[in-house]
Amino acid sequence: MNNPLHFFSALLLGTVLLTASCKEERKLPIYGVRDTKEVAKADGFTVDTIYQTIPDFKFLNQDSVMITNDQFKDKIYVADFFFTSCTSICPIMHKNMKTLFQDFKSNPDVMFLSHTIDFKYDKPSVLKKYAQKLDVYDPKWQFVYGPKDSIYTIAEKSYLVAVQVDSNDREGYVHQGFLVLIDKDRRIRGAYDGTNPEQVEQLRKDIPVLLDEYKK
Amino acid sequence: MRKLTILFLTILIFSGMFYSCQTAETIQQDAYYVNGRDLYINHCQNCHGTKGEGLGELIPPLTDSVFMKTNKQKLACYIKNGVSEKLTVHGKVYEGKMEPLNLATIDLAQVIVYITNGFGHQQGMYTTEQVTTDLGNCK
């Protein structure tokens, strides 16, 4: 280390290596209410975290087929709530969601799930027509119809999206335009405003990050 | 070379004069266009898109010049009363509904100036008098 140049280059190299090794992989947070559970182990007790998960569901899809969580087994998926006659936030939401659908079309691990909140009008046949016209009629993007109770409960309790019937509103329903990202363990990993292009771009970046978690 | 420069400068001055002598009507049309764009962003863009591109086969685009020209007299009715008839745009049939949008006459004129002069169209001015006439002929 007589030559100061050598010393500095060694220092530089060391710093670079150190920062590179310290760089942690980005991981998406886990949302929802948490609970803890004590688990018995050989040497006493340990505490496990119980995360909030999407419960079992059963809805009719655009082909009038009853689908359940099994459809989304070992998939991550993007869920939202809409109705076909909505002209406020839904068109822009689905326009953005369609770009995501096209980007991840070839990835078998990614799916999309749109729930209608118009339980009076949006029967499966209406949903099928809607999907065809949006040019996303594909098993990868499920459009589901269910009774008011189950759809509204799963929206508010599980996906944490506010929806309600509002007779004062011109279209009869009000709802939030979130795109909710669900992982393979049914946990919420993100909620993005589907009408906001920046947040949709964030979701586009977050989907591969979430997929990476399952690669190991 | 000097001659060329002089020629160039003369052309520049004349074209400058020409453009600064815009008629009162073009100035009004520009004002309508700018206000119409704000109205479009607030009321129409969510469905019809920033470039008037529409959405799949659900929402028709506003880029069909032939449609916009032949249906110009109906545009005010479409916007104010909504649409429930089938429309053929760019050769595709759209059967979705458009909700009525209760705009004032001046707003209708402005937004129509915007959509018939933006998105690649050039149909010129559309006055409030024309709006009143066209609304009287709504079906």
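Placed from the backbone N, Cα and C atoms, the Cβ positions cover glycine too.
Per TrEMBL, Cu cation binding site is recorded for A:C86, A:C90, A:H175. The annotation disulfide bond is assigned in TrEMBL to A:C86-A:C90. Residues or ranges marked as domain 'Thioredoxin' in TrEMBL: A:48-212.
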DSSP state at A:C86 (Cu cation binding site), helix/strand/coil: coil
A:H175 (Cu cation binding site): secondary structure state under DSSP, collapsed to three categories: strand
Distant-in-sequence Cβ neighbours of A:H175 (Cu cation binding site), under 8 Å, six or more positions away: A:F81, A:F82, A:I89, A:I117, A:A155, A:V161, A:A162, A:V163, A:Q164
Residues close to Cu cation site centre defined by A:C86, A:C90, A:H175, Cβ within 8 Å: A:F81, A:F82, A:F83, A:S88, A:I89, A:M93, A:I117, A:E171, A:Y173, A:G177
